[in-house]
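Note sheet for the following structure.
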Amino acid sequence: MERPGSNGSCSGCRLEGGPAARAASGLAAVLIVTIVVDVLGNALVILSVLRNKKLRNAGNIFVVSLSVADLVVAVYPYPLILSAIFHNGWTMGNIHCQISGFLMGLSVIGSIFNITAIAINRYCYICHSLRYDKLFNLKNTCCYICLTWTLTVVAIVPNFFVGSLQYDPRIYSCTFAQTVSTSYTITVVVVHFIVPLSIVTFCYLRIWILVIQVKHRVRQDCKQKIRAADIRNFLTMFVVFVLFAVCWGPLNFIGLAVSINPSKVQPHIPEWLFVLSYFMAYFNSCLNAVIYGLLNQNFRKEYKRILLMLRTPRLLFIDVSKGGTEGLKSKPSPAVTNNNQAEIHL
């Protein structure tokens with residue numbers, strides 16, 4: 001799905017080469033910031049959901065799953081990329097190269113599949129509210145999470161058979177080489193990027209249409225209201241989707257163009273654009289936790305509590321929330337009728 005061409009395989013030898021020293025320093029700085037924010041931010045997300053009953057609902061199980069996908073790259077592939085930058089080449093051997101490439105793909109495909117699952121969850125919650133509690137009870141939600149990750153693993157395993165996980169010195173990464181097989185690369189981009197984004201777009205368009213319809217009905221009879229907080233909660237996950245598309249779109253479309261006609265297209269793509277598209281994609285893994293903190297009041301308050309309690313670590317695992325749902329039960333679904341208010345929760 002994710003990666004344009006690569007310059008060669010890693011067979012255990014030292015592979016050198018890459019951008020100039022100044023550019024490499026900039027890439028290292030971006031990656032260090034990404035790793036720090038990724039680890040701290042997504043740890044805050046997971047702790048927030050574990051600690052606060054108000055955040056424990058079916059929708060946020062997918063948010064935690066998305067955070068896990070973002071954490072995967074920060075704890076293994078990104079540090080290896082940093083090492084390659086500092087050594088001006090890959091020195092960790094073929095096994096680490098293959099594992100790094102696999103985990104990178106697992107994280108990216110896991111992210112887009114979880115974003116798709118979140119969109120479907122929001123769509124069912126808003127547009128099919130009467131059936132939401134049955135569709136997204138705890139048991140079903142856990143099954144959906146397992147299905148999401150199973151599909152993710154199935155999607156990435158073929159890379160080993162195609163031989164597409166290779167080291168690319170331009171980006172100091174072991175990654176998916178789009179030029180190995182044109183048909184496979186096109187399939188990967190379509191199935192792992194275009195189709196999920198199309199599903200997400202459909203779900204959010206349907207939600208927007210319903211919200212607009214409810215607003216118009218409010219103006220007509222003055223009996224309904226959609227709270228600003230409800231709209232912000234929906235917008236949080238919409239912004240997560242938009243940022244993912246913006247960060248990963250250039251890399252996918254460059255890779256798709258290169259795979260269709262490598263000899264004609266690849267020479268016309270500047271190396272700086274290729275490298276920039278990659279590190280834009282890498283940077284995306286640290287953004288989601290920041291978005292939750294900026295746009296969702298419950299997450300923001302819990303972030304503050306956790307940060308203030310770092311002086312007393314034992315308090316981190318004490319549930320301080322009051323009210324809300326018990327355990328991980330689904331919240332009551334809103335009925336969107338002429339006499340009911342549309343509730344939109346994260």
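Placed from the backbone N, Cα and C atoms, the Cβ positions cover glycine too.
Under the heading disulfide bond, Swiss-Prot lists C97-C174, citing sequence analysis as support. Secondary structure from DSSP puts C174 (disulfide bond) in a beta strand.
Residues or ranges marked as N-linked glycosylation site by Swiss-Prot: N7.
Residues or ranges marked as region 'Disordered' in Swiss-Prot: 326-346.
Under the heading topological domain 'Extracellular', Swiss-Prot lists 1-26 (among others).
Per Swiss-Prot, the feature topological domain 'Cytoplasmic' maps to 48-60 (among others); the stated evidence is sequence analysis.
Annotation source Swiss-Prot lists topological domain 'Extracellular' at 82-99 (among others).
What Swiss-Prot records for 121-139 (among others) is topological domain 'Cytoplasmic'. Secondary structure of the topological domain 'Cytoplasmic' (121-139) per DSSP (helix as H, G, I; strand as E, B; remaining residues coil): 16 helix, 0 strand, 3 coil.
Under the heading topological domain 'Extracellular', Swiss-Prot lists 161-184 (among others), citing sequence analysis as support.
Residues annotated as topological domain 'Cytoplasmic' in Swiss-Prot: 206-237 (among others).
Swiss-Prot lists 259-271 (among others) with the feature topological domain 'Extracellular'.
Feature annotation from Swiss-Prot assigns topological domain 'Cytoplasmic' to 293-346 (among others).
Residues or ranges marked as transmembrane segment in Swiss-Prot: 27-47 (among others).
As annotated by Swiss-Prot, transmembrane segment applies to 61-81 (among others).
Counting residues 6+ beyond its ends, the transmembrane segment (100-120) has Cβ neighbours under 8 Å at 1-2, 59, 62-63, 65-66, 68-70, 72-73, 76-77, 80-81, 92, 144-145, 148-149, 151-153, 155-156, 159-160, 165-166, 173-176, 192-193, 196-197, 199-200, 203-204, 237, 240-241, 244, 248, 281, 284-285 in the same chain. Per Swiss-Prot, transmembrane segment is recorded for 100-120 (among others).
Here Swiss-Prot flags 140-160 (among others) as transmembrane segment. Listed as Cβ neighbours of the transmembrane segment (140-160) (distance under 8 Å, sequence separation of 6 or more from its ends, same chain) are residues 1, 58, 61-62, 65, 98, 101-102, 105-106, 109-110, 113-114, 117, 134, 176, 184, 191-192, 328, 330.
Taken from Swiss-Prot, the feature transmembrane segment covers 185-205 (among others), and the record attributes it to sequence analysis. When Cβ-Cβ distances below 8 Å are used as the criterion, the transmembrane segment (185-205) is approached by residues 1-2, 108-109, 112-113, 115-116, 119-120, 122-123, 155, 164, 176, 178-179, 238, 241, 245, 248, 252, 255-256, 259-260 of the same chain, each at least six residues removed from its ends.
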Thinking of Cβ pairs under 8 Å, which stretch from 27-47, 238-258, 272-292 has the most of them with the transmembrane segment (61-81)?
27-47
Give the nonlocal contacts of the transmembrane segment (272-292) in its own chain as ranges (CB under 8 Å, at least six residues past its ends).
2-4, 19, 23, 27, 30-31, 33-35, 37-38, 40-42, 44-45, 63, 66-67, 70, 73-74, 78, 81, 107-108, 111, 170-171, 173, 175, 236, 239-240, 243-244, 246-248, 250-251, 254, 299-300, 346
Select one residue from C97, C174: among these disulfide-bonded residues, choose the one with the most other Cβ atoms within 10 Å of its Cβ.
C174
Kindly state the mean pLDDT of the topological domain 'Cytoplasmic' (206-237) in the predicted structure.
69
Helix, strand or coil at C97 (disulfide bond), per DSSP?
helix
